[in-house]
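Quick look at what Swiss-Prot annotates:
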REGION    1-26  region 'Hydrophobic'
DOMAIN    32-90  domain '4Fe-4S'
BINDING   49, 52, 57, 73  [4Fe-4S] cluster 1 binding site
DOMAIN    105-134  domain '4Fe-4S ferredoxin-type 1'
BINDING   114, 117, 120, 154  [4Fe-4S] cluster 2 binding site
BINDING   124, 144, 147, 150  [4Fe-4S] cluster 3 binding site
DOMAIN    135-164  domain '4Fe-4S ferredoxin-type 2'
């Protein structure tokens, strides 16, 4: 057998042995995540907007698990804060001042001024902006969370945040907050 083939076989066996060793070590020393962090993250809206003061929903969920206030998520609103309060076993708190007084807004791109640089698309955490390079962009308002992250990267300043009027189609129905009386057959008579 030539020396090249022997070297290839030895390197293959060595790679196989190290791969098996790494696989075993990964299972043996696996770090389990905190389930509270995972549950808190699942409750957050996943907009990664940073309005809470953290770079994304996962870091904010970690901070909540370590005792941070649960009322810093404007896109999640009161419903998310109440679910977080229930999860953490704390009393619900009013949303922070800037979150509560803030009117829901969505991004609006003045398409005639858009140069198609795609910087807003890259900044949008929920993929609510459509467009391609050197073509105008537009916002899918149903997907826009109003996080405001697309405004700053725009080099021609053609993105505005406009307030959304509440209509029957976009109004937040709090169905779990409406009192419902269950009437049994016996109490009808």
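Using the three backbone atoms N, Cα and C, a Cβ is placed for every residue, glycine included.
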Exercise. Name the secondary structure element type, per DSSP in three states, that contains residue 120 ([4Fe-4S] cluster 2 binding site).
Key: helix
Quiz prompt | Separation of alpha carbons, residue 52 ([4Fe-4S] cluster 1 binding site) and residue 154 ([4Fe-4S] cluster 2 binding site) (Å) | solution = 22
Quiz item: For residue 114 ([4Fe-4S] cluster 2 binding site), which of the binding-site residues 52, 57, 124 has the nearest Cα in space?
Solution: 124
Self-check item: Count of other CB atoms lying within 10 Å of the CB belonging to residue 124 ([4Fe-4S] cluster 3 binding site)
Solution: 25
Quiz item: What parts of the chain pack near the domain '4Fe-4S ferredoxin-type 2' (135-164), using Cβ distances under 8 Å and only residues at least 6 beyond its ends?
Solution: 45, 47, 49-51, 75, 103-129, 170
Quiz item: If you draw a 10 Å sphere on the Cβ of residue 150 ([4Fe-4S] cluster 3 binding site), how many other Cβ atoms land inside?
Solution: 23
Quiz item: For the [4Fe-4S] cluster 2 site given as 114, 117, 120, 154, which other residues of the same chain have their Cβ within 8 Å of the site's Cβ centre?
Solution: 109, 115, 116, 118, 119, 121, 137, 150, 153, 155, 156, 158, 159
Quiz item: Rounded to a whole number, how many Å is the Cα of residue 52 ([4Fe-4S] cluster 1 binding site) away from the Cα of residue 120 ([4Fe-4S] cluster 2 binding site)?
Solution: 21
Quiz item: Other residues with Cβ within 8 Å of the Cβ centroid of 124, 144, 147, 150 at the [4Fe-4S] cluster 3 site?
Solution: 49, 107, 120, 123, 125, 126, 128, 129, 139, 145, 146, 148, 149
Quiz item: Around residue 114 ([4Fe-4S] cluster 2 binding site), how many other C-beta atoms are within 10 angstroms of its C-beta?
Solution: 18
Quiz item: Closest to residue 49 ([4Fe-4S] cluster 1 binding site): which of the binding-site residues 120, 124, 144, 147, 150, going by Cα position?
Solution: 147
Self-check item: Cα-Cα distance linking residue 147 ([4Fe-4S] cluster 3 binding site) and residue 73 ([4Fe-4S] cluster 1 binding site), given in Å to the nearest integer
Solution: 11
